[in-house]
Structure formats: structure tokens, C-alpha cells
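Colleague: Heads up, here are the entries from Swiss-Prot:
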| type | residues | note |
| --- | --- | --- |
| ACT_SITE | Lys91 | active site |
| BINDING | Arg55, Asp126, Ser157, Thr161, 191-197, 214-215, 254-255, 275-277 | NAD(+) binding site |
| BINDING | Lys79, Asn277 | L-phenylalanine binding site |
Amino acid sequence: MAKQLEKSSKIGNEDVFQKIANHEQIVFCNDPVSGLQAIIAIHDTTLGPALGGTRMYPYKNVDEALEDVLRLSEGMTYKCAAADIDFGGGKAVIIGDPEKDKSPALFRAFGQFVESLNGRFYTGTDMGTTMDDFVHAQKETNFINGIPEQYGGSGDSSIPTAQGVIYALKATNQYLFGSDSLSGKTYAIQGLGKVGYKVAEQLLKAGADLFVTDIHENVLNSIKQKSEELGGSVTIVKSDDIYSVQADIFVPCAMGGIINDKTIPKLKVKAVVGSANNQLKDLRHANVLNEKGILYAPDYIVNAGGLIQVADELYGPNKERVLLKTKEIYRSLLEIFNQAALDCITTVEAANRKCQKTIEGQQTRNSFFSRGRRPKWNIKE
């Protein structure tokens with residue numbers, strides 16, 4: 001029996017409990033009828049119930065899926081702590097091809113597993129999943145967030161995310177140039193999706209000059225036309241050329257891993273401030289940027305606006321309250337910049353220490369959510 005237990009505790013060549021040592025709970029979800037195979041990871045509920053999206057991806061094996069969900073859920077703990085919201089970190093992954101493996105039955109089965117956690121985990125859309133998928137999950141559980149307005153939710157999260165990027169850019173300008181004005185500066189924006197396009201619009205309104213790149217020609221033409229209406233200038237460049245333009249701030253709003261050994265030598269900017277997730281290819285690249293004299297705004301601080309809206313939705317949607325809370329990104333980022341300089345560490349280290357201090361300051365776990373409680377960022381009535 002002992003030998004059998006020892007054998008069953010292995011995943012790949014690693015002991016499963018060693019692999020999940022930093023996490024509270026891992027739930028393997030298997031429903032043979034619908035074909036569902038999913039993993040829910042709850043990293044830390046010290047600050048509150050776990051919050052994190054559900055992505056669907058054709059992972060090669062369970063090891064790869066587990067590795068991804070462990071990494072992503074831990075990241076959510078720090079994101080929630082950085083945003084100073086009363087939630088912890090969680091994430092879910094569904095193993096499958098989102099183009100051909102989806103079905104109403106699969107998402108209803110997933111909803112049942114989420115419901116079984118009885119409020120320890122709240123989830124919504126992520127890469128490979130849409131709200132149309134979660135309409136089916138909602139038939140089985142109420143622990144779904146990030147809901148469109150027509151379903152009683154708070155709607156498009158790209159609005160507060162973009163606003164958070166603007167506050168982050170203003171804070172960076174204040175730190176570097178002594179004024180938080182956006183005008184008179186040049187920004188290199190990579191990606192004009194839902195967030196990047198809104199950021200570009202606001203920068204143009206402020207009188208900034210832009211270098212932009214995107215894989216879709218129609219959005220490039222659209223923002224070029226906007227510049228004629230709003231002022232400022234827009235220069236369209238090829239994808240690889242965005243790294244080497246002469247600008248004040250690089251604003252990555254598309255893919256992750258773009259700050260790496262190949263791109264850093266090309267950068268001619270004073271700072272990197274954008275909404276893209278996991279911008280650093282490796283943690284050591286924060287040091288490389290630092291050595292080159294380029295200020296880095298940690299991505300999970302910059303893009304916290306969307307997370308703030310998702311968390312706020314659980315108290316009852318309130319756009320004014322969300323934007324008020326999102327404004328705190330300005331102050332938080334300035335604190336991180338100043339602390340990093342004071343301690344002679346990278347901004348990533350400073351941000352992580354700040355988050356860890358927040359978590360350690362909460363001595364007891366708060367694994368369940370109370371809808372009767374007002375958020376601490378509530379607008380005074």
C-alpha cells in the first residue's frame with residue numbers, strides 16, 4: 001500500500017505535493033460525459049476568496065496544464081494584493097482546443113465543479129473562453145464574474161484597464177520628468193486592441209505623438225485618422241521596428257515575453273509602461289532594464305484596472321467606484337518607483353515586496369465572500 005501511494009503521488013518525475021507546495025488547493029475536474037478535463041488552482045486566500053479567469057488551451061499533457069495554472073494562480077495573488085482588493089489568487093485551465101472542443105455540456109460540467117467550491121473561487125473569461133461559454137456555466141453556479149452589462153454585470157473591462165495605463169503613464173512622467181503631463185511626449189504603442197486603442201486615443205487627446213504597430217491594418221488606419229481629428233501625430237511602423245524607435249516610453253499592449261535578450265538592446269526609451277501580461281521573458285530582464293537605465297512599471301500594477309472592475313462587480317456594478325479605485329494606480333506606482341530607488345532594487349522586486357507585506361499583514365484567511373459587505377474603496381454617500 002505504501003509503495004502504491006508513493007507511486008500515485010508522482011506527476012512526471014516530481015512529487016505532486018512538492019510541486020504544489022505554495023498552493024492551498026488544486027482541483028482536478030474530470031467529466032467523461034462532456035469530455036471536460038480541467039484544473040482549478042487556489043493559490044492563497046489570505047486576503048479573500050480566490051479570483052481568476054479560466055483559459056482553454058490544447059495543452060500537450062497534464063504536466064503542462066498544471067504548470068501553467070500554478071504559475072497563473074500565484075500571479076493572481078500578487079495582482080489582487082497590488083490592487084488592494086479583498087481577494088486572493090486563483091486560476092483555472094480547461095484542457096482542449098477552443099476552436100473545436102467546446103460544448104454547452106462541457107461548460108455546464110465546469111460550472112458544477114466551480115459551484116462545488118462554494119465560493120472559494122470566482123472565475124470568468126480568459127484566453128480561449130468567452131462570455132457565451134460562461135452563459136452555460138452560469139446555469140450551474142453563481143460564482144462567475146466579468147459579466148456583460150446585458151447580463152447584469154459591469155461590462156467592458158478594457159475601459160478601466162486603459163484608464164489604469166493612463167494613470168501609470170502619468171505617474172511615470174511625474175517620476176522621470178517632474179510633471180505628469182502626457183503632452184509633449186512620444187509613446188511607442190505595441191498593439192491596438194481593446195486596451196491599446198483606447199490608450200492611444202487618450203494620448204492623442206492629450207497632445208502626444210505616437211509610434212504604433214499592430215497586425216491589423218484597419219486599426220492602424222483608424223488611429224491615423226483619429227490623430228487628424230484629435231491632434232498629435234501617429235507614425236505607423238512595422239512590428240519589429242517598434243522596439244527601436246526614438247520615443248520616451250514604450251507601451252506594450254499586446255503579447256507577453258516581449259522584453260527579452262533580443263529586444264532590450266534595441267530599446268531607446270526611458271521607460272516601459274504597458275498593459276500586456278508577463279512582459280518580461282524572464283525575471284532577470286528586470287535587472288537588464290535597470291542596468292540600461294530604463295524604468296520598468298510592473299505590468300500587474302499597470303493593468304490592474306480590469307481586475308478592479310471584476311472584483312467590484314461582485315458588490316454590484318458601479319463604474320464611478322471602479323474609476324475612483326483605478327486612480328490609485330498612480331500613487332501605488334510612484335511608491336514602487338521611489339522604494340526601488342531607495343533600496344537599490346528593481347521595480348519588480350519592490351512591487352513584489354509591497355504585495356508580500358500586504359498578504360503578511362492579514363493574519364487570518366478570508367476564504368469566503370460576503371455580498372453584504374461594502375468594498376473598502378466604496379464611494380461615501
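Placement of Cβ uses the backbone N, Cα and C atoms for every residue, glycine included.
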Colleague: For Lys91 (active site), which residues of its chain lie six or more apart in sequence with Cβ-Cβ distance below 8 Å?
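Modeller: Spatial neighbours, sequence-distant, of Lys91 (active site): Ile40, Ala41, His43, Gly52, Gly53, Thr54, Arg55, Val69, Leu72, Ser73, Gly75, Met76, Asp126.
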Colleague: List nothing but the one residue from Thr161, Ser275, Asn277 whose Cβ has the fewest other Cβ atoms within 10 Å; the candidates are the binding-site residues.
Modeller: Asn277
Colleague: Whole-number answer please: how many Å between the C-alpha atoms of Ile215 (NAD(+) binding site) and Lys79 (L-phenylalanine binding site)?
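Modeller: Rounded to a whole number, the Cα-Cα distance is 28 Å.
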Colleague: Specify the count of other C-beta atoms within 10 Å of the C-beta of Arg55 (NAD(+) binding site).
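Modeller: For Arg55 (NAD(+) binding site), the count of other Cβ atoms within 10 Å is 19.
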Colleague: Around Ile215 (NAD(+) binding site), how many other CB atoms lie within 10 A of its CB?
Modeller: 11
Colleague: What residue among the binding-site residues Gly193, Gly196 has the most other CB atoms lying within 10 A of its CB?
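Modeller: Counting Cβ neighbours within 10 Å, the top one is Gly196.
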Colleague: Quick one: give me the count of other CB atoms within 10 A of the CB of Lys79 (L-phenylalanine binding site).
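Modeller: Lys79 (L-phenylalanine binding site): 23 neighbouring Cβ atoms within 10 Å.
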Colleague: Would you kindly give the Cα-Cα distance separating Gly193 (NAD(+) binding site) and Asn277 (L-phenylalanine binding site), rounded to the nearest Å?
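Modeller: Cα-Cα, rounded: 14 Å.
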